Amino acid sequence: MISMTKTVYIKTVGCQMNVLDSEMVIADLKRHGYTVVDTPGEADLLLYNTCSIREQAEEKTYSALGKLKETKARHPEKTIGVMGCMAQKDQETIFRRAPFVDMVVGPGQLHAIPDMLTKVTSGEGRQMAVSLGRKDGKQTVVARSHETFDPLRDPTMRPTPFQAYLRIQIGCDKFCTYCVVPNTRGPEQGRSPEEIVSEARVLAEQGALEITLLGQTVNSYRHRGPDGETDMAGLLERLHDIDGLKRIKFVTNYPKDMTARLLETIRDLPKVSPYLHVPAQSGSDAVLKRMKRGYTIADYMEMFERIETVLPEASVSSDFIVGFCGETDEDFQKSVKLIERCRFKNSFIFQYSVREGTKAAANLIDDVPREVKAARNNELLAVQDRISKEDNQKLIGDTVEVLVEGPSKKADKSDLDAPIVQMTGRTICDRIVVFDGNRRQAGQLMDIQIDDVSSHTLIGRVKTVEVVSLGMPGLAPSS
């Protein structure tokens, strides 16, 4: 049994799925007597929840681990663990590169951490728990090795008490040639709608006003149960009825599964956010084919025009990879044109990074020079920033409803007792809004009038309601 006086520090990088995983790991560790601390120096257990989507993210993790070598030498009683996608991908490599690490835990084995800790602290040596690889057995067997322990939750680990992530799907079966996720997260599996709705009710009871549904291709969600099949639209309809929830968001979407039925459901359910993150990755059919994305630009535009028709108020964002294998200047300019046509709310733009274990690493040549990747990255960012600012400027003078998240990063550095600080929040379309207010407004839905904008932020003020005195019957106005 784990001692009841242990402390844990956790560092999380990567996607929202990792943030949720960290919340659940901490909830589990608290049940075993651990308390959370803010710095590595205070901790008996140091956990690093890692990302493998790009090489840079992995190298940053190895660099952070390297800084712990002396700490471990001075304090051998401390336990160091690496969890998440890099743990599943690199496995024994982590022990070779950082031999002072005690535990390596893949994202499908996080429930094993307490038992692994018991073994480490009782002198049984280094521990590793990872899921089966795609070729290590039948898909059903491999899928079972990628377990989650939803809905084990800890509200104190969330970015705010009134916003929560809810996993509805794990894994991915798309096998894009550049991506490690099908290997690190395993086969695509949808949780049962009953589990999801039950967990959402718990989150609402804990004070969550907004939930964000998570999946690698979240709009592909399907679950077949004894009462038939539930798709994403059907799930949203069930979640919409939960008392206390004000907003429902979901990320990330796959273009070919953005159906008319789903869009009509979003349109007809007021709580569901019309913010749609639908990665295009490239504007070139040739590049998309090498990426094995499963659609053409004509397919993407058919989907986009469907959004414009059914849900004209939607804000759509995208992802782009620049410098993918064989990308020419002409290919790249097609990505520029796609952004200019679609006028995305924002785009997450990345330089291609070779990932060991992917089809691209095995079969394609990383032939775009690093400096060309950087130049294309900067150019595409500039185009997107210009478009984002132009479209944000159209909102000046409008009033938007904002879920106030708390003090902005700027305000965090200001006097904690200041009566007025810069607050931040988001609209239902996921636009960031800042305004002067006070800390008590966190968790409220407020009307904010927009006075100014940047590419990424709306700047406003709390809308005041004018009170007009009509006088009282029988009373003459004072002179």
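Note: Cβ is positioned from N, Cα and C throughout, glycine not excepted.
Swiss-Prot lists 6-122 with the feature domain 'MTTase N-terminal', giving sequence analysis as the kind of evidence. Annotation source Swiss-Prot lists [4Fe-4S] cluster 1 binding site at C15, C51, C85. Annotation comment: Swiss-Prot describes 158-390 as domain 'Radical SAM core', evidence class sequence analysis. The [4Fe-4S] cluster 2 binding site feature in Swiss-Prot is assigned to C172, C176, C179. Taken from Swiss-Prot, the feature domain 'TRAM' covers 393-464, and the record attributes it to sequence analysis.
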#### Entry: Entry from the binding-site residues list C15, C51, C85, C172, C176 having the most other CB atoms no farther than 10 A
C85
### Query
When the pLDDT values for the domain 'MTTase N-terminal' (6-122) are averaged, what is the result?
93
### Query
Using Cα-Cα distances with a 10 Å cut-off, which of the binding-site residues C172, C176, C179 are near C15 ([4Fe-4S] cluster 1 binding site)?
none
### Task
Taking only the Cα atoms, work out how far C172 ([4Fe-4S] cluster 2 binding site) lies from C51 ([4Fe-4S] cluster 1 binding site), in Å, as a whole number.
16
### Task
Let me know the DSSP-derived helix, strand or coil state of C85 ([4Fe-4S] cluster 1 binding site), please.
helix
### Task
Fill in the CA-CA distance, C179 ([4Fe-4S] cluster 2 binding site) to C51 ([4Fe-4S] cluster 1 binding site), as an integer in Å.
12
### Message
Can you tell me how many other Cβ atoms are located within 10 Å of the Cβ belonging to C179 ([4Fe-4S] cluster 2 binding site)?
### Response
23
### Task
Give the sequence-ordered set of same-chain residues, not counting C15, C51, C85, with Cβ within 8 Å of the centre of the Cβ atoms defining the [4Fe-4S] cluster 1 site.
V13, G14, M17, N18, T50, S52, I53, A57, G84, M86, T184
### Query
Taking the mean position of the Cβ atoms of C172, C176, C179 as the [4Fe-4S] cluster 2 site, which residues outside that list, in the same chain, have a Cβ no more than 8 Å away, listed in sequence order?
K174, F175, Y178, V180, V181, P182, Q216
### Message
Please report the distance from the Cα of C51 ([4Fe-4S] cluster 1 binding site) to the Cα of C176 ([4Fe-4S] cluster 2 binding site), rounded to the nearest angstrom.
### Response
17
### Query
What are the DSSP helix, strand and coil residue counts for the domain 'TRAM' (393-464)?
8 helix, 36 strand, 28 coil
